[in-house]
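For reference, the structure is listed below as structure tokens.
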Amino acid sequence: MTTSDLVAGELAGDGLRDTRPGDTWLADRSWNRPGWTVAELEAAKAGRTISVVLPALDEEDTIGSVIDSISPLVDGLVDELIVLDSGSTDDTEIRAVAAGARVVSREQALPEVPIRPGKGEALWRSLAASRGDIVVFVDSDLINPHPMFVPWLVGPLLTGDGVHLVKSFYRRPLNVGDAGGGAGATGGGRVTELVARPLLAALRPELGCILQPLGGEYAATRELLTSVPFAPGYGVEIGLLVDTFDRLGLDAIAQVNLGVREHRNRPLAELGAMSRQVIATLLSRCGIPDSGVGLTQFVADGPEGQSYTQHTWPVSLADRPPMQAIRPR
């Protein structure tokens, strides 16, 4: 059982004791069983607009079902649904359009700025392509996402005061089929549990109450998103979390239980590269110099391991500036 599972269990009914940093916040800003209805949230919009952004890169197998889970909300709770495509070479765009989403490429979103690779770049550019007062990000590799993911995420922003960022938390199954096993009920979120949460405990312990600091499903005010830099690649979520805390404090952050999140689990080699970027971003946010050296991995060339091939994954320390400096609203 992971740390996140244990904390979720406490929220579900084991009780809270004011003995740990963040316990008061967990009682006030964490929704374990969100009860809002779509109709209630539509009424609470009070003239505010909501954009949902799906960053995508070669997600033809899942993009359609993710869009299908959100599209019934369009022209009601949701004002626009955008797929920000990062250069897919498969049928992601075709299937997204067929499902009813508007697809915007990185080039179209911000044509005057040369492209950089990575997820952080896609999310940053989506701010130029969208118009909502609230922006919801949902990963495109989700499997059978619950149709209430988006309503639950915007709930604290529409019904509360002072909240600017809403993170999600959930149980994360681990599909180990590639290793000859099956699907485990827990065990997903390996970078979160082995890298992000231990580092936050050391460097920003106040954020230890955030169950899924790297989760790709979250909502935020445009005011916040356009005022902070965006970290490159997979550092974008941890960068945004720390920036929000450092600028606005813990009470500007909330979290909502989305139940279960299933997605395409990645091999360890890719998780190593992801971890390297998360570490670089968190160190930089905490004022600790990073070497800027990429992660070198050694892969056995055969079952006997008699020789190894080196592969180095690059790491980036270059943030994108706040969008309001590029596109003042």
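Using N, Cα and C of the backbone, Cβ positions are placed for all residues, glycine too.
Under the DSSP three-state reduction, Ser140 (UDP-alpha-D-glucose binding site) is assigned to coil, being neither helix nor strand. Among the features that Swiss-Prot reports, UDP-alpha-D-glucose binding site is placed at Pro55, Ala56, Leu57, Asp58, Glu59, Ser86, Lys119, Asp139, Ser140, Asp141, Tyr234, Gly235, Val236, Glu237, with the record citing experimental evidence.
The Mn(2+) binding site annotation in Swiss-Prot covers Asp141, His263 and is backed by experimental evidence. Its Cβ placed at the centre, Asp141 (Mn(2+) binding site) has 20 other Cβ atoms within 10 Å.
Annotation comment: Swiss-Prot describes Gly189, Arg190, Val191, Thr192, Asn265 as (2R)-3-phosphoglycerate binding site. Secondary structure from DSSP puts Val191 ((2R)-3-phosphoglycerate binding site) in a helix.
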Per DSSP, three-state class assigned to Leu57 (UDP-alpha-D-glucose binding site): coil
Rounded Cα-Cα span from Glu59 (UDP-alpha-D-glucose binding site) to Asp141 (Mn(2+) binding site), Å: 6
Lys119 (UDP-alpha-D-glucose binding site) in three-state DSSP notation: helix
Residue, out of the binding-site residues Val191, Val236, whose Cβ gathers the largest set of other Cβ atoms within 10 Å: Val236
